[in-house]
Amino acid sequence: MENTRRSFLKKVSAAGIGAAGLAMAGNAGATTTAAEPQKKKTAGKDDGKLRFGFIGTGSRCHEHINNVLAIPGNKIVAICDIQQGPIDSTLKHIAKFNVPAPKVYKGGEREFENMLNNEEFDCVIIASPWEWHVPMSVAAMKAGVPYVGVEVSAANTLEECWDLVNVSEATGSHLNIMENVCYRRDCMAALNMVRQGLFGEILHGGCGYEHDLREVKFNDGTHYNYVPGSGDLRMGPTAFAEAQWRTNHSVHRNGDIYPTHGIGPIAHCMDINRGNRFLSLSAMATQSRGLHKFIVDNGGENHPLAKVNFNLGDIVTSMIKCSNGQTIIVTHDTNSPRPYSLGFRVQGTEGLWMNDGDHVYVQGKSKPHRWDDSDEWFKKYDHKLWASLESQAAEAGHGGMDYIMMYDLIDAIRNKKPAPMDCYDAAAWSAISGLSEMSIARGGALVDFPDFTRGQWIHRQPQFAL
């Protein structure tokens, strides 16, 4: 098992090194035809319960399990991981619900393929390290799983983005990107205000991922976060959880490597892939200082990791132009000391919402040149999903948005509806990573967004959270 884990982590590291090199248009010219999943599966086979599988059994998997089992009519058929520790933790977690234990697939790094080929699922959730999101999603769709939920970001390169689109179209399987921030209560209220015209014609959006992850990117191999004062800083195979693989991206890549928390809600406000699309992007990055400084400050100048050259700029800024004229600024900032923010801004001809400061201004309704507290507006324009599910979501992760997201996906599965956030959303949002890397490598040059819908965006209608 240990050899398998080390082999896996070595491949993760190699994938990180090659990520920027793979950021190319890939299959942009490929065409596919829609088809039904090659394995016909009935939602709620036999006992009427939806059959779920999980690939990757870390902490994010536990959050999803909580919500799958909190919503009536679901069961967990199988789980898969290459490490025994997370498997044991997940089995213990599931046992708290007094439900049958799932079948366990473990051992080799391709064991997930055996799980997909041996079991029948209504949905498989993928919560693995980033490098495995696309291979596992593709395998699940090709195995005929009707709905595949992939954690964020869905893909690391443009080639991978095209893989998700092409395979979803070819197999008929519904790929859903599990972007929980799209279900954040304030984001859904703001979307409601946009759709009701409170902000007028939308002109501009701002968003990002501004989250101090220094204590996540390094730890002592036992604790999820770095233990202050310990001086025990590790990354890679000897570290624990995300520090085993995530920090490697900061070594070998320079771009917005985690864009979807921010861009997802803004994309919905601008009807991206549904009457509008991203046209082009330009990105720039600051110098890389934060991670090295964190190592020296906590481990000393002679710490082995002080010799690591981190490529990721501390702050990466991308500007996107949309076909309907809007602009969007996306910021990635995970290596700096700072409070958490996703920096949302939705601005139109009649007003705007600013997440930082909790501000709303609506022309003709707000006092001139004075901000309103966003709470008073968001209570009035609370989205119906939140209004109806508030009590159920109250105890769920991330303030309840995880529950709302899973509820919406399960509703789609039961009613055989399209995925709430489909393969085109997954590709367009995730493509910011590869495109920003390309742009930065070219000195901030403007790069074109692929049209992952191949022209369908012109006629597609909004479907999210209607």
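Every residue, even glycine, has its Cβ placed from backbone N, Cα and C.
Fair warning: this is a prediction, and the values are worked out from it, not measured in the lab.
Per Swiss-Prot, the features are:
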- 1-30: signal peptide (SIGNAL)
- 59-60, D81, 130-133, 151-152, N180, 241-245, Y258: NAD(+) binding site (BINDING)
- Y209, R246, Y258, P259, T260, H261, Y340: substrate binding site (BINDING)
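Sequence features, as recorded in Swiss-Prot, placed on the structure.
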residue: D81; record: NAD(+) binding site; DSSP class: strand
residue: H133; record: NAD(+) binding site; DSSP class: helix
residue: V152; record: NAD(+) binding site; DSSP class: coil
residue: A241; record: NAD(+) binding site; DSSP class: helix
residue: R246; record: substrate binding site; DSSP class: helix
residue: Y258; record: substrate binding site; DSSP class: coil
- Query: Just the number: how many Å between the Cα atoms of S59 (NAD(+) binding site) and R246 (substrate binding site)?
  - Reply: 15
- Item | Intrachain C-beta neighbours of A243 (NAD(+) binding site), sequence separation six or more, cut-off 8 angstroms | V216, K217, F218, N219, R234, M235, G236
- Message: Would you identify which of the binding-site residues S59, T260 has the most other C-beta atoms lying within 10 angstroms of its C-beta?
- Response: T260
- Could you tell me which of these binding-site residues, D81, E131, has the greatest number of Cβ atoms within 10 Å of its own Cβ? D81
- Would you say which of the binding-site residues V152, A241 has the most Cβ atoms within 10 Å of its own Cβ? V152
- Task: Tell me, if you would, which residue among Y209, W245, Y258, Y340 (binding-site residues) has the fewest other CB atoms within 10 Å in the structure shown?
- Result: Y340
- Which of the binding-site residues listed here (Y209, R246, Y340) have a Cα atom within 10 Å of the Cα of V152 (NAD(+) binding site)? none
- Taking only the Cα atoms, work out how far P259 (substrate binding site) lies from A241 (NAD(+) binding site), in Å, as a whole number. 21
